[in-house]
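S.K.: Dumping the structure here so I can ask a few things about it.
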Amino acid sequence: MKMHLSKVMFVALFYAFLAGVAPLLAYGQLAPTFYDETCPNVTSIIREIIEDTLLSDARIGASLIRLHFHDCFVDGCDASILLDNTDTIESEKEALPNNNSARGFDVIDRMKARLESSENCPGIVSCADILAIAAEESVVLAGGPSWAVPLGRRDGTTANRALANLSLPSPFETLDEIKAKFTAVGLNNNTDLVALSGAHTFGRSQCQFFTNRLYNLSDCSTNPPPDNTLNTTYLATLRDLCPCNGNGSVLADLDPKTPDGFDSNYFSNLLVGQGLLGSDQLLFSTPGADTVDIVNNFSANETAFFESFVVSMIRMGNLSLLTGTQGEIRLDCRVVNGNSTGQNIMLVSSI
């Protein structure tokens, strides 16, 4: 059940206004039309590169939206996650939640290079806005909703690996711990949390992030099961894929039903104990949690999920912005302008 584009955009802007995140009011320098005169083809350029990459990498869309998420949770949406190590910068790419896990940096590089070589666009489009547009286009290309992305962010000039280690939600945390991290960055800990978690409706995760649910890791025993919220048939499937003490980088579908489509199956999976990550299943399986009713609603009503997801993405994309003359427009997303000394340009994810 897909929403008509105009309805999605209307609902998104209406609820964003009510929540105090309407881009033209709450953030006067952000607007979906920001590049209309200076780089009018920015979205089509980014979309073309995603489409081309999808031909050989079915999970790139999920990887790109994850980059935007992991960027915004650390000092706001300033593209700090894209910066490589230098003599003065400790890259967020090597923070525990990102190291050998976050990916798609080479695709962002191609987007930036294409924009820098396009008419009217050199030095115009920020890396932070590239991430925001790429996230939206990735959702659309996977069958999800579209929205008018507020634009006009500028890029930060430093990274914060220590904060990345502290601020990014972990699949091993309790629901209360995850809620606290959403609240800390300015998101709400119920609807925003559940809606944005719905991005796990496509993409993959490595075995190392959920084997603690499959085995008692101290001795690899399976009795008693370490996580009784897992569907027993699904548990057996995951154990076949991820043997105890096996290769922790083996990939599993976050959504076993439609792994490359953006839909509400993620929530339907939670209802039957088929959430891959512990942090996902907790949304439904934590007794008395206010997230349970939201999961039930999104499972039954894909339109409601799409509407809430759009609103939450706009809200997240407006966290702690740099605008106007703040920050800079990076010419290379991996390095601060005028400082290429000591950069590790080849630092990329291993998967």
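Just so it is clear, glycine is given a Cβ too, placed from its N, Cα and C backbone atoms.
The domain 'Plant heme peroxidase family profile' annotation in TrEMBL covers 29-337. Taken from TrEMBL, the feature disulfide bond covers CYS39-CYS121, CYS72-CYS77, CYS127-CYS333, CYS207-CYS242. The feature substrate binding site is assigned by TrEMBL to PRO169. The feature heme b binding site is assigned by TrEMBL to HIS200.
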S.K.: Could you state the whole-number distance in Å separating the C-alpha atoms of CYS77 (disulfide bond) and CYS242 (disulfide bond)?
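M.R.: Their Cα atoms are separated by 35 Å.
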S.K.: In whole Å, how far is CYS39 (disulfide bond) from CYS333 (disulfide bond) when you measure between their Cα atoms?
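M.R.: Each residue's Cα considered, CYS333 (disulfide bond) and CYS39 (disulfide bond) end up 17 Å apart.
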S.K.: For CYS207 (disulfide bond) and HIS200 (heme b binding site), determine the Cα separation and express it in whole Å.
M.R.: 15
S.K.: When neighbour density is defined as the number of other C-beta atoms within 10 angstroms of a residue's C-beta, which of the disulfide-bonded residues CYS72, CYS242 has the lowest density?
M.R.: CYS242
S.K.: Among the disulfide-bonded residues listed here (CYS77, CYS207, CYS333), identify the one with the smallest other-Cβ count within 10 Å.
M.R.: CYS207
S.K.: State the count of C-beta atoms found within 10 angstroms of the C-beta of the residue listed as 'substrate binding site', not counting that atom itself.
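M.R.: Excluding its own Cβ, the residue listed as 'substrate binding site' sees 20 Cβ atoms within 10 Å.
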S.K.: Nearest by CA distance to CYS242 (disulfide bond): which of the disulfide-bonded residues is it, out of CYS39, CYS72, CYS127?
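M.R.: Spatially nearest to CYS242 (disulfide bond) by Cα position is CYS72.
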S.K.: I'm trying to understand the geometry here, so how far is the Cα atom of CYS72 (disulfide bond) from the Cα atom of CYS121 (disulfide bond), in Å to the nearest whole number?
M.R.: 24
S.K.: Which residues does CYS121 (disulfide bond) neighbour through Cβ under 8 Å, counting only same-chain ones at least six apart?
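M.R.: Same-chain residues close to CYS121 (disulfide bond) (Cβ under 8 Å, separated by 6 or more) are THR38, CYS39, ASN41, VAL42, ILE45, LEU115.
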S.K.: What are the sequence-distant neighbours of HIS200 (heme b binding site), meaning same chain, six or more residues apart, C-beta distance under 8 angstroms?
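M.R.: Non-local contacts for HIS200 (heme b binding site): LEU254, ASP255, TYR266, LEU276, LEU277, ASP280.
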S.K.: Cα distance, the residue listed as 'substrate binding site' to CYS127 (disulfide bond), nearest Å?
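M.R.: Cα-Cα distance, CYS127 (disulfide bond) to the residue listed as 'substrate binding site': 23 Å.
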S.K.: Any idea what the model's mean pLDDT is for the domain 'Plant heme peroxidase family profile' (29-337)?
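M.R.: A mean pLDDT of 97 is what the predicted model shows over the domain 'Plant heme peroxidase family profile' (29-337).
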S.K.: So among the disulfide-bonded residues CYS39, CYS127, who's got the most Cβ atoms within 10 Å?
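M.R.: Result of the Cβ crowding comparison: CYS127.
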